[in-house]
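Annotated features in Swiss-Prot:
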type	residues	note
COMPBIAS	1-12	compositional bias 'Polar residues'
REGION	1-23	region 'Disordered'
BINDING	73, 74, 138, 168	[4Fe-4S] cluster binding site
């Protein structure tokens, strides 16, 4: 077993690069013996060096806590997401009952004028950074009740929306895809300066 060399020369592992300075492209302290020794030690042990913001983004995407704001029939599809068939918790997306413990709010259903202040109050109670998923045609733009006098024509008039999930009602797979898109968006953008 093992790798056989093409020539009679023994196989040698690559030299460890250590911590790379992004401005120069060379290892940090490459001309300093002390830093060269530390870089060799870290590279030899298999350490991963990253920025703090990337570490926070990675941790945040794997531990999103969501709060339900089910207003109509879309809430039934939202509940299916936690059931064993889809089991959204395997993606690190767990439900919470309190807005003070949640990062994500899923607005599912028709938002009326009377309910809009409550939605804003719950949104304001969530800690930063906070994200909102608008689920279904009614939450996205009023849906079937768009021309009613008592319906808000899209919850983006009350709170900022990060992900729109279309459908009437959208399937649990569509909402799961929206959750995965939100995690991708969090990885792509910084959470500290949002």
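Don't overthink the numbers, they just go from 1 along the chain as shown.
Glycine is treated like the rest: Cβ placed from N, Cα and C.
Each of the binding-site residues 73, 138 was assessed for Cβ neighbours inside 10 Å, and the highest tally belongs to 138. Apart from 73, 74, 138, 168, the [4Fe-4S] cluster site neighbourhood in this chain, defined by C-beta within 8 angstroms of the site C-beta centre, holds 72, 108, 109, 110, 135, 136, 137, 139, 143, 167, 169, 170. A sphere of 10 angstroms centred on the C-beta of residue 168 ([4Fe-4S] cluster binding site) encloses 12 other C-beta atoms. The Cβ of residue 74 ([4Fe-4S] cluster binding site) has 108, 109, 135, 136, 138, 139, 169, 170 as same-chain neighbours under 8 Å, each 6 or more residues away in sequence.
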